[in-house]
Amino acid sequence: MTKLEDHLEGIINIFHQYSVRLGHYDTLIKRELKQLITKELPNTLKNTKDQGTIDKIFQNLDANQDEQVSFKEFVVLVTDVLITAHDNIHKE
C-alpha cells in the first residue's frame, strides 16, 4: 500500500473507531463526533470542548438533517481541515 493509500485507510479506520460506539454502526451521532474531534483533532480545531462549537460543526456536517453524520458528510470536515492545513503550510 502506498503512503497516501495508508493515510486514506487511516481516516476510514478513525471514523469507524468512533461510529461503532452508539447508534448506527456506520454513522456518527453528535456525542461520537465530539469524542472524535476532541481526541483526534485537538490541535487543529479550536474550542473543541465547547458544546456550542460542536453543535455548529455537527449542524454544518449533517447535510440531510437526520441527526447523524455519515462518512460522506464526515469527509467534508476532513476536506476543510486539509485545505486549512495546506494553506497554513504556505503561510510559513
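Cβ atoms are placed via backbone N, Cα and C, with glycine included.
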Can you pick which of HIS7, HIS16 Swiss-Prot lists for the same Cu cation site as ASP26, HIS86, HIS90? HIS16
Based on Cα distances to HIS24 (Ca(2+) 1 binding site), point out the closest of the binding-site residues ASP62, ASP66, HIS86. ASP66
Check the DSSP secondary structure of THR27 (Ca(2+) 1 binding site), expressed as helix, strand or coil. strand
